[in-house]
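Novice: Sharing the feature lines straight out of Swiss-Prot:
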type	residues	note
BINDING	ILE27, ASP93	K(+) 1 binding site
BINDING	GLY149, ALA150, TRP151, LYS175, PRO176, SER177, GLU178, SER228, VAL229, PRO230, THR231, GLY251, CYS283, GLU384	NAD(+) binding site
ACT_SITE	LYS161	active site, charge relay system
BINDING	LEU243, LYS454, GLY457	K(+) 2 binding site
ACT_SITE	CYS283	active site, nucleophile
MOD_RES	CYS283	cysteine sulfenic acid (-SOH)
ACT_SITE	GLU461	active site, charge relay system
Amino acid sequence: MKAQPKASHFIGGAFVEDKAGKPPPVIYPATDEEIASLYSATPGIIEAAYAAALKAQGEWAALKPVERGRILRRTAEILREKNRKLSKLETLDTGKALQETLVADAASAADALEFFGGIISGFNGEFVELGGSFAYTRREALGICVGIGAWNYPIQIAAWKSAPALAMGNAFIFKPSENTPLSALALAEAYKEAGLPDGLFNVVQGYGDVGAALVNHRLTAKVSLTGSVPTGRRIMAQAGEQLKHVTMELGGKSPLIVFDDADLESAIGGAMLGNFYSTGQVCSNGTRVFVHKNIRERFIERLVERTRKIRIGDPFDEATQMGPLISAAQRDKVLSYIKKGKAEGATLACGGGVPKLQGFDKGFFIEPTVFADVTDTMTIAREEIFGPVMSVLEFSDEDEVIARANDSEFGLAAGVFTADLSRGHHVIGQIKAGTCWINAYNLTPVEVPFGGYKQSGIGRENGIAALAHYSQIKTVYVEMGKVDSPY
């Protein structure tokens, strides 16, 4: 099973190779089989990407916004036309079940391109009347923007970052995770097919040193990262030394609160989506599930029953509901957290082991895991695990659960399940998190902003807000009379 691209990098509208770079192997997580071999970007590759971006950006920014938007919308159409092919590529690259990638990856990328391509012509500055004279503002491109992606949603992240950047008239250089380098190249081909001028979307592969080179490059105007909090701190410090714009979409340990009047099946479904989708490798997951004491036993009993029915196996079988984790290292990390949870006194309600799957004995699979009797101070309730491990905590009243939910360095997301919408709005209003749901979880339409509070990030992806993060404001004062000067 191979998925070797034409070359490692895409620069100036063409595939480019330089075999002097360190070769990161591309592994299919379900079998531990190498499916492609790419080369990390050398300094020459990086400089070529900036030269191509610099050459193209000025003319692109000068185009009418509606013309830029037309190309983005055409790219969205191409992604939808090729959705099954792209979804299979994403499944190979990530190990995620095809059942998921068909609806959540290239499809979401297309949604972002269509959205930003449609609204950019209406994203304008302000006019201010000043008693005869007036002022106006212009939204202008930043220049060359850099995106650094994560391995859980490769093509989605590449589009979520590049679509608003390109819509605003910027050029874009994207570095995928070294674990999942393939689909960003497919997105580059789609942009090319749609008519995007050469040099505006470039892909360079590599490890953290390549990302650091992009962040520190003198021509980089903005950096957008999806990654861990430690990586975000490091990149933000580097960018801050040169006062570069940043968007940081980082980790979380989000609370999901279930009151005793909630629809039990919906709440359980939301908790499962918020812990087991993409094998738990979602930054916004609601991994601290607070359940009211009156329904705790019923909730856990039904949760365990439904969790044990999750189908784990061949990611290309569309009946499969959960694939493997991204790597052996990630599987071992998750297993270490499960071990720690048991050692600290949490009750293992189900899962916790490595399933035996015929034909996939070398894959990085793990059982969906539920812990009960979890307390706020346990490691599994404090640290981001990034795997299918749910912690169920009991609470008694509203004020208590709000305080406990907020007792975290993270603030990416939160959810509330209740039949009382007034209470739902009140609780969400008190939660310190940037992306919240009432009677739902982990739904992320591109029309609304996505991002976090506290250590979970700065700036926003998606929604009209994203355009503001890829632009700068110019204020112009126009005097309609003579200059009144005391000199």
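A Cβ is built for glycine as well, from the same backbone N, Cα and C atoms used for every other residue.
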Novice: Of ILE27, ASP93, LYS161, LEU243, GLU461, which recorded positions come within 10 Å of VAL229 (NAD(+) binding site), going by C-alpha to C-alpha distance?
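Specialist: Within 10 Å Cα-Cα: none.
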Novice: Counting only residues 6+ away in sequence within the same chain, which have a CB under 8 Å from the CB of TRP151 (NAD(+) binding site)?
Specialist: THR94, PRO176, SER177, ASN179, THR180, GLN281, ILE326
Novice: Quick one: among the recorded positions LYS161, LYS454, which has the most Cβ atoms sitting within 10 Å of its own Cβ?
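Specialist: Answer by Cβ density within 10 Å: LYS161.
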Novice: Applying a 10 Å Cβ distance cut-off over all chains shown, what neighbour count does LEU243 (K(+) 2 binding site) have?
Specialist: 7
Novice: Fill in the CA-CA distance, GLY457 (K(+) 2 binding site) to GLY149 (NAD(+) binding site), as an integer in Å.
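Specialist: One finds 14 Å between the Cα atoms of these residues.
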Novice: Which of these recorded positions is closest to LEU243 (K(+) 2 binding site) if you go by CA atoms: GLY149, THR231, CYS283, GLU461?
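Specialist: Its closest listed neighbour, by Cα, is THR231.
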Novice: Between the Cα atoms of ASP93 (K(+) 1 binding site) and GLU178 (NAD(+) binding site), find the distance and write it as a whole number of Å.
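Specialist: The Cα atom of ASP93 (K(+) 1 binding site) is 11 Å away from the Cα atom of GLU178 (NAD(+) binding site).
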Novice: Do you see any of the binding-site residues GLY149, GLU178, THR231, LYS454 whose C-alpha is within 10 Å of LYS161 (active site, charge relay system), and which ones?
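Specialist: Close binding-site residues: GLY149.
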Novice: Under a three-state reduction of DSSP output, how is GLU461 (active site, charge relay system) classified: helix, strand, or coil?
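Specialist: Once the DSSP labels are grouped into three classes, GLU461 (active site, charge relay system) ends up as strand.
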Novice: Translate the DSSP assignment of LYS454 (K(+) 2 binding site) into the three-state scheme.
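Specialist: Going by the DSSP assignment, LYS454 (K(+) 2 binding site) falls within a strand, counted as strand.
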Novice: I'd like to know which of these binding-site residues, ILE27, VAL229, CYS283, is least surrounded, judged by other CB atoms within 10 A.
Specialist: VAL229
Novice: Across the listed NAD(+)-binding residues, GLY149, ALA150, TRP151, LYS175, PRO176, SER177, GLU178, SER228, VAL229, PRO230, THR231, GLY251, CYS283, GLU384, what is the farthest Cα to Cα distance, given in whole Å?
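Specialist: 24 Å is the greatest Cα spacing among the residues binding NAD(+).
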Novice: Starting from each candidate's C-beta and looking 10 angstroms out, tell me which of the recorded positions ASP93, GLU178, GLU461 has the most other C-beta atoms.
Specialist: ASP93
Novice: Work out how many Å separate GLU461 (active site, charge relay system) and ILE27 (K(+) 1 binding site) at their Cα atoms, rounded off.
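Specialist: Just about 29 Å between their Cα atoms.
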Novice: Cβ-Cβ under 8 Å from THR231 (NAD(+) binding site), same chain, 6 or more residues apart: which ones?
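Specialist: When sequence neighbours closer than 6 are ignored, THR231 (NAD(+) binding site) has GLY208, LEU225, LEU250 within Cβ distance under 8 Å.
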Novice: How big is the gap, in Å, between the Cα of LYS454 (K(+) 2 binding site) and that of CYS283 (NAD(+) binding site), rounded to a whole number?
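Specialist: LYS454 (K(+) 2 binding site) and CYS283 (NAD(+) binding site) have their Cα atoms 14 Å apart.
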